[in-house]
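Listed in TrEMBL for this protein:
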type	residues	note
DOMAIN	30-467	domain 'Major facilitator superfamily (MFS) profile'
TRANSMEM	66-87	transmembrane segment
TRANSMEM	99-122	transmembrane segment
TRANSMEM	128-149	transmembrane segment
TRANSMEM	156-176	transmembrane segment
TRANSMEM	188-209	transmembrane segment
TRANSMEM	278-300	transmembrane segment
TRANSMEM	320-338	transmembrane segment
TRANSMEM	345-367	transmembrane segment
TRANSMEM	379-402	transmembrane segment
TRANSMEM	414-432	transmembrane segment
TRANSMEM	444-464	transmembrane segment
Amino acid sequence: MGKDTFELAGRDWPKVTWWKLKNMRTVYLTLWAAMLTSATNGYDGSLMNGLQAIAAWNENFNNPNGQILGLIAASMSIGSLLAIPVVPYTADILGRRTGVVIGCAIMIVGVALICIGFHVALFIIGRLILGFGIAIAHGSAPLLIAELVHPQHRAIYSTIYNTLWYLGSLVGSWVAFGTDKLDGQWSWRVPCLLQALPSIVQMIFIWTVPESPRWLISKGRHAKAKQILANVHAEGNLDDDLVNVEFNEIQQTIALEQEYEKSAWSELWATPGNRHRLIILVSIGFFSQWSGNGIVSYFLPQVLKLIGITDSTLVLEINGYLSIVQLISAVGICFFVDKIGRRPLFITSCLGMLAAFVSTTIALARYDVDQSSAAANTVIVFIFVYYVMYNLGFCGLLVSYSTEILPYRIRAKGLTVMFFCVDLSLWFNQYVNPIALEAIAWKYYLVYCVWLAFELLVVWKYYIETKNTALEEIVKFFDGDAAIVGGDAATAKARHLAGEDDADIPVEEKTAAATTAEVRA
């Protein structure tokens, strides 16, 4: 594979320039209607930091701290946990786009209750409903992105998805900074109200995005699926060679999975390959939130208080600048995931986070002794360094890597398991972190230093490389000879199940021709 080509089904294909192709350009621009889901989540993370620094919010809810503050922050994750049973079925039965719309509608209801928020209980209930909705949207949006975009761009687009958490975080931090100057209750109600804006935009514009061709194929709508593949990947040319190869590979793989493989929850641990996937899904879900990032993401004011910074304006400024650095570093690495590879990025991320956290812990301990400005500044610097290192592995790749390692039949369920682990770890972080910070202060950082060393060992042993590989073909890395892949890249098992000789593949040619004729008719 050269610099000007990408690989699919064992062949090299010329790379395309997306902004020069009208259909692809249109779809990629409208696809942001799906990608905003992650930004909504990020807005909430920064918003919680901002609200804690707004005097009117603290006065309205009687200066919450400790367990109450932890419950307020954790309530959104608890809501997401409650949604787990319905998330994969929404995406698999109703479709990827419909899942996004349902999630957004529920989120708007949650935001309305949060903004009413005349009592802390109502505020918490609103966040529970918000978390329920975002879990459903989160379970559908990344699947739509990974299953729709051109194979050359899948890694970049699906990785960018989760980095937009920082776009929401950036907006949330500076909105809170601006509204802090407003008088009375509007200083906190306005930023809460704006949390509904991305959901409203998504509900309107998601219908301009085509449905996932893979979902359509799974429902027997082959003609519609091929038309979408042709429109998005080949400017509507149904006879395009790449479109036919893609369609055959997707159609045969899904057909064989549906006939010979199961899609029950138990499939996630039924085979050695799936158990390997499950180890990655569970670990990456917990690592994405238990790497120490949960302390700063939701409780920055408490962390800065450890080094003597209590001025609300300064706290909000640091929060805002941190969001800028996070967004730039997270989005920037997305364009190198297929060049550097997933495994090197994960390992480098773990090493960097461990070094940054150890340095932060030492600086916090030093400040506790002599309250020196040098120690305080060191803490701030390494908070920024830490997030750059975190973003190398556990921001964008959290969703894209989890999505691509799963075969279609268990993709929605596997992604749900990953998000379940994220939400479970978030609930723990958001409820326990403020209590632990209040009880043992900087010593709490020692726990994460040990945990980060453990993360490094797990990543080194289990996280495999998937770069420059088509979505359907990644199963070969996990399942080996037992992998089911159709089309030109068909495995021996797939050929055997399809009743084909290894020398030829007549079925795919008949399928492609029949589907093309059906579309034209």
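Glycine is treated like the rest: Cβ placed from N, Cα and C.
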Counting a contact as 3 or more Cβ pairs under 8 Å, with residues at least 6 apart in sequence, do the transmembrane segment (444-464) and the transmembrane segment (156-176) touch?
no
Return yes if the transmembrane segment (66-87) and the transmembrane segment (414-432) have at least 3 CB pairs under 8 Å (sequence gap of 6 or more), otherwise no.
yes
Residues from the same chain, set at least six apart from the ends of the transmembrane segment (99-122), whose C-beta lies under 8 A from its own:
33-34, 37, 40, 60-62, 64, 68, 72, 79, 87, 90-91, 128-141, 144, 189, 192-193, 195-196, 199-200, 202-203, 206
Counting Cβ pairs closer than 8 Å, which of 156-176, 188-209, 278-300, 379-402, 414-432 has the most of them with the transmembrane segment (320-338)?
156-176
For the transmembrane segment (414-432), I need the partner stretch with the highest count of C-beta pairs below 8 angstroms, choosing only from 156-176, 188-209, 278-300, 379-402.
278-300
In the same chain, who gets a Cβ under 8 Å from the transmembrane segment (156-176) while lying at least 6 residues past its ends?
28, 31, 34-47, 49-51, 53-54, 141-142, 145-146, 149, 190-191, 194, 198, 297, 316, 319-320, 322-324, 326-327, 330-331, 333-335, 337-338, 391, 395-400, 403-404
On the 0 to 100 pLDDT scale, where does the domain 'Major facilitator superfamily (MFS) profile' (30-467) sit on average?
89
